[in-house]
Structure formats: C-alpha cells, structure tokens
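**Q** To start, I am sharing the structure in question, which I have written as structure tokens.
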Amino acid sequence: MDMRVPAQLLGLLLLWFPGSRCDIQMTQSPSSVSASVGDRVTITCRASQGISSWLAWYQQKPGKAPKLLIYAASSLQSGVPSRFSGSGSGTDFTLTISSLQPEDFATYYCQQANSFP
C-alpha cells in the first residue's frame, strides 16, 4: 500500500527580538516534505548567529501543544522514540527521523534558547 502522502512536516519558527543587540533568526529548511512511511527524513535549522548547543526541536500536531523531542541540540527527551535524533552546534543543526512512522506526520519546529529579550 502506497503511504506516500504530501504532508507538512516542517514549520518555520522565526525568533526575532527587536531592539536587542543579540537578535537571532532561526530558519528551517526545507519548508515542507513529501515522505513515505519508512523514509529517512532530515530537517535543518540555521541560526543567524552562533548559539552553541542551545537548540530544541518540537513536534506539533493539529489542536495539540508542542511536544519537546530534542534539547541541547542532541539530547533526546525522555519517552521520545530513538528514531529521532539531533545534531549540530554553533549555527547549523539537524533533526533526523531515521524511519518515518505514521504518527510522525506533523509540524516540526526548532527553537533557540541562547538569548531572550
């Protein structure tokens, strides 16, 4: 059975703090992915300036609160399946789903935690 479904897997979270000396923009790519169950999916996130490893990844499904998947760039939150992994530091980060499952079709966000207004 062909499980290929156009799905919005990714979201864009732009963090911009006007008037701050440490404005940080987060840009995800690609903006959307069409994927099948079993596929390896990679999402990238780039910070406009270095944030060390202060990055988290979230999953959100319609009508639900965001769920923390990865914190400190590569640490798996308790209870999150090991098919999710994170890597990177500085400005470039990656979220990988090693084998996409039906329940993984969702929107994914990165969030920096290096600076706040």
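Glycine too: its Cβ is placed from the backbone N, Cα and C atoms.
Here the structure is a predicted model, which means the values were calculated and not measured.
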**Q** According to Swiss-Prot, region 'Complementarity-determining-2' applies to one of these ranges: 9-15, 72-78. Which one is it?
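**A** Checked against Swiss-Prot: region 'Complementarity-determining-2' maps to 72-78.
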**Q** According to the record in Swiss-Prot, which candidate from C22, C110 pairs with C45 in a disulphide?
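**A** Disulfide mapping in Swiss-Prot sends C45 to C110.
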